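Participant: Here it is, the structure, as structure tokens.
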Amino acid sequence: MKRCLQIAKNGIGTARPNPSVGAVVVYNDTIIGEGFTSSYSGKHAEVNAIESVKDKSLLKEATIYVTLEPCAHFGKTPPCADLIVKYQFKKVVIGCVDSNSLVAGKGIERLKIAGIEVVVGVLEDECREHHKRFFTSQEKKRPFIMLKWAETKDGCIAPLTKGENRPVWISNPYSQQLVHQLRSKEHAILVGTNTVIADNPKLNVRSWYGENPIRIVLDRNLRIPKSANVFDKSVKTIVITESRSLKNKNVISNNVEKSQLIYEEIDFTKKIASQICEVLQKHHIQSLIIEGGTHTLQTFIDENLWDEAMIFIGDCEFGMGVKSPIFNKTVLEEKNIKRDVLKIYSND
Ligand code: AOF
Ligand code: ZN
């Protein structure tokens with residue numbers, strides 16, 4: 001199962017919104033095949049693992065290990081459980097159950113009915129952690145949300161003065177690379193209007209390899225200039241705005257699938273994080289990294305819509321500056337939910 005988790009990492013960022021599953025075929029204590037989920041709408045991990053086995057006659061005596069319950073439905077591909085039954089595997093070892101209602105135990109049931117020995121729950125926590133983006137979107141009907149910011153030793157996220165000096169680099173070059181690695185794993189990246197106007201970020205993956213996330217920008221009054229990097233059309237950008245401003249500017253969003261620039265309307269007078277989550281769910285966006293600014297991050301914290309936070313803490317001090325977001329301790333305690341807050345210091 002550890003090997004399954006290792007190879008499953010290869011599909012993060014490409015399999016989505018499918019979970020990147022890892023599968024390993026073992027015969028006589030030897031790995032004879034392995035595979036992970038192909039790019040979206042492609043083959044599932046089990047299919048790739050089985051196809052990689054040269055001598056299919058060995059499968060009758062083999063065990064297949066998978067991080068996620070084999071599927072039982074006809075989606076973009078036929079059921080993996082049927083394929084495992086067809087080859088009469090001896091045993092199937094599963095990391096965790098698939099919470100997709102189309103599967104949810106039906107894959108396990110099908111294998112058992114066919115007389116195959118099934119073991120469920122091997123490295124279950126690690127497998128659920130690996131599939132956290134998929135599980136969050138299936139179970140909470142919203143994307144997995146990672147908060148990310150850099151702050152100074154005195155708890156500032158940005159200097160007070162805007163303009164020429166921005167963006168100000170708080171953390172070190174290694175953390176910049178880590179941020180780009182994080183971006184390559186997440187499906188979308190979100191920032192608020194002020195961050196776009198002050199920093200003109202590209203929000204893409206540069207110091208790492210992998211796919212660029214879809215850019216989500218909040219722009220209530222359509223204040224972001226058309227020349228901003230987020231509108232360079234190199235990556236899909238979704239602008240979250242207010243219907244009033246959309247009507248005023250006469251912007252039409254059509255052909256949503258193909259368009260590189262999409263406008264979505266929400267009501268900014270109500271809680272906005274939950275509305276943003278609904279928009280992202282509609283676009284099948286499975287995970288989101290929020291990179292600021294303070295106000296945007298704080299909105300998601302206050303509405304309790306986040307899963308992990310990564311905070312880079314630099315060596316410098318701003319004295320006067322924009323304060324970084326604050327976690328609401330009572331929400332954490334009341335909800336008793338496992339929250340991951342990772343602090344990374346400049347000299348780490
Ligand atoms: C597996 N193995 O490698 C993955 C599974 O539309 P489809 O056919 O691609 O099915 C997508 C669903 O299948 C997905 O929502 C999840 O429940 C499961 N993913 N299952 O047996 C895999 N990626
Ligand atoms: Zn499958």
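Using the three backbone atoms N, Cα and C, a Cβ is placed for every residue, glycine included.
Pasting the feature list from TrEMBL:
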- E46: active site, proton donor (ACT_SITE)
- H44, C71, C80: Zn(2+) binding site (BINDING)
- A150, W169, T195, D199: NADP(+) binding site (BINDING)
- R183, L203, R206, E291: substrate binding site (BINDING)
- 1-119: domain 'CMP/dCMP-type deaminase' (DOMAIN)
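Help me understand the surroundings of these features in the structure.
Facilitator: In sequence order, V21, A23, G35, I64, V66, P70, C80, L83, I84 constitute the residues six or more apart from E46 (active site, proton donor) in its chain with CB-CB distances below 8 Å. The DSSP secondary structure for E46 (active site, proton donor) is helix.
Taking the Cβ of T195 (NADP(+) binding site) as centre and 10 Å as the limit, one finds 26 other Cβ atoms among all the protein chains shown. In the three-state DSSP assignment, the secondary structure recorded for T195 (NADP(+) binding site) is helix.
The Cβ of L203 (substrate binding site) has 24 other Cβ atoms within 10 Å, all protein chains considered.
In the predicted model, residues of the domain 'CMP/dCMP-type deaminase' (1-119) average a pLDDT of 95.
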Participant: Suppose we screen the binding-site residues H44, C71, C80, E291 by Cβ distance to ligand 2 with a cut-off under 6 Å; which survive, in sequence order?
Facilitator: H44, C71, C80
Participant: Calculate the distance in Å between the alpha carbons (Cα) of R206 (substrate binding site) and D199 (NADP(+) binding site), and round it to a whole number.
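Facilitator: With distance taken Cα to Cα, D199 (NADP(+) binding site) is 16 Å from R206 (substrate binding site).
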Participant: Out of the binding-site residues I have (H44, C71, C80, A150, T195, L203), which ones have their Cβ sitting under 6 Å from ligand 1?
Facilitator: H44, C71, C80
Participant: If you take the centroid of the Cβ atoms of R183, L203, R206, E291, the listed substrate site, which other residues of that chain have their Cβ within 8 Å of it?
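Facilitator: Going along the sequence, the neighbours come out as V179, H180, I189, P201, K202, N204, V205, N212, P213, I289.
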Participant: Looking only at the domain 'CMP/dCMP-type deaminase' (1-119), what are its DSSP counts of helix, strand and coil residues?
Facilitator: 38 helix, 28 strand, 53 coil
